[in-house]
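Novice: Below are the features I grabbed from TrEMBL:
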type	residues	note
DOMAIN	2-91	domain 'Pyrroline-5-carboxylate reductase catalytic N-terminal'
BINDING	Ile6, Gly7, Gly8, Gly9, Asn10, Leu11	NADP(+) binding site
BINDING	Asn52	NADPH binding site
DOMAIN	155-255	domain 'Pyrroline-5-carboxylate reductase dimerisation'
Amino acid sequence: MKVHIIGGGNLGVSIALGIAKFSKNNQVTVTRRNIASIQYLSEYGITVSNDNKHNIQEADVVILTIKPYQVDTVLAEILPVIQNKTIASAVSGLSLEVLQTKTNFEYPVVRIMPNIAAQFGESATCISFPEKYKDNAAPIVDLFQDLGTAPVIDEKLMDAATVLGACGTAYALRYIRASMQAGIEIGFDSNTALSIAAQTVKGAAKMLLEERVHPEQLIDRVTTPQGCTIVGLNEMEHNGFSSSLIKGIKTSLKQIKG
Ligand SMILES: NC(=O)C1=CN([C@@H]2O[C@H](COP(=O)(O)OP(=O)(O)OC[C@H]3O[C@@H](n4cnc5c(N)ncnc54)[C@H](OP(=O)(O)O)[C@@H]3O)[C@@H](O)[C@H]2O)C=CC1
Ligand SMILES: O=C(O)[C@@H]1CCC=N1
């Protein structure tokens with residue numbers, strides 16, 4: 001499969017590297033206007049160009065990883081040369097209906113919402129598409145399954161998926177940062193605190209994904225009666241831990257919906 005990624009920024013590069021590392025038999029081109037910072041991608045067999053149309057006619061799928069306000073310019077440039085090619089958009093807030101309107105209902109369209117862990121084969125990429133394009137979407141779902149998980153969801157949940165699955169990376173990292181800061185205060189150097197905090201989150205996530213139980217069931221296994229975990233957890237909750245996360249997630253969603 002030949003993948004043409006337009007928008008070689010944070011997300012576009014992570015998808016390109018993920019494909020290069022974790023997906024067999026796929027060729028990737030990445031474009032952006034200023035390519036100096038992504039020239040190194042060629043070391044991974046990725047083609048880099050500042051011309052959005054570079055080899056685009058050979059592509060099987062065009063992936064858009066540009067900002068919402070860049071969509072019209074890019075489409076005006078590429079649509080005349082990509083007849084019938086599938087367009088997969090990771091642009092936040094851009095609905096399938098609007099994308100279809102912008103592409104005159106002439107191109108198969110798929111909405112994808114990966115996160116930057118695609119680069120490490122660990123993205124949670126939610127995908128949706130109009131039923132009539134399910135055959136076009138199938139290889140894209142396969143591609144993103146190579147880069148982590150790729151659940152197909154109802155499009156009405158795509159904005160929510162953006163918040164939980166893409167913004168969520170930043171929320172999780174902020175949790176780790178806070179743990180590190182506390183770790184330093186209680187005696188660890190920064191590197192050791194980072195290693196312990198990150199591995200602990202990875203372990204917790206792995207248990208959840210493998211056991212498929214409610215988090216509280218695992219928490220019960222950690223909170224020894226009258227022990228140190230429960231007093232710490234309760235103190236965090238008194239200070240609004242869960243509540244602030246829920247409020248933050250809902251605020252992010254409001255920002256996407258405008
Ligand atoms: N970052 C993330 O974790 C996620 C982002 N998204 C979505 O992905 C999109 C991109 O986000 P992100 O990667 O963070 O943003 P970035 O700003 O990092 O990347 C956007 C890239 O688009 C390039 N670009 C701008 N105009 C053009 C053009 N006319 N032709 C080709 N390339 C162009 C820019 O490079 P240059 O200026 O050199 O052209 C830039 O590298 C957004 O819609 C975002 O909502 C979705 C999920 C996760
Ligand atoms: O912050 C943003 O707008 C983008 C969308 C999801 C992650 N980053």
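Positions of Cβ are set from backbone N, Cα and C atoms, glycine also.
Looking at the shown structure, can you explain where the listed features end up?
Specialist: The 10 Å shell around the Cβ of Ile6 (NADP(+) binding site) contains 25 further Cβ atoms across the protein chains shown.
Around the Cβ of Asn52 (NADPH binding site), the number of neighbouring Cβ atoms within 10 Å comes to 20.
For the domain 'Pyrroline-5-carboxylate reductase dimerisation' (155-255), the mean pLDDT of the prediction comes to 98.
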Novice: What's the CA to CA span in angstrom from Gly9 (NADP(+) binding site) over to Asn52 (NADPH binding site)?
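Specialist: About 14 Å separate the Cα atoms of these two residues.
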Novice: If you count Cβ atoms within 10 Å of the Cβ of Gly7 (NADP(+) binding site), leaving out that atom itself, what do you get?
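Specialist: Other Cβ atoms found within 10 Å: 24.
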Novice: Looking only at Cβ atoms, how many others are within 10 Å of the one on Gly9 (NADP(+) binding site)?
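Specialist: The answer is 15.
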Novice: Let me know how many other Cβ atoms fall within 10 Å of the Cβ of Leu11 (NADP(+) binding site).
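Specialist: Excluding its own Cβ, Leu11 (NADP(+) binding site) sees 24 Cβ atoms within 10 Å.
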Novice: Residues with Cβ closer than 8 Å to the Cβ of Gly8 (NADP(+) binding site), same chain and 6+ apart in sequence?
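Specialist: The list for Gly8 (NADP(+) binding site) reads Ala16, Val30, Thr31, Arg32, Ile35, Ile38, Leu41, Val48, Thr65, given in order along the sequence.
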Novice: Far apart in sequence but close in space: which same-chain residues, 6 or more away, have a Cβ under 8 Å from Asn10 (NADP(+) binding site)?
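Specialist: Sequence-distant Cβ neighbours: Ile116.
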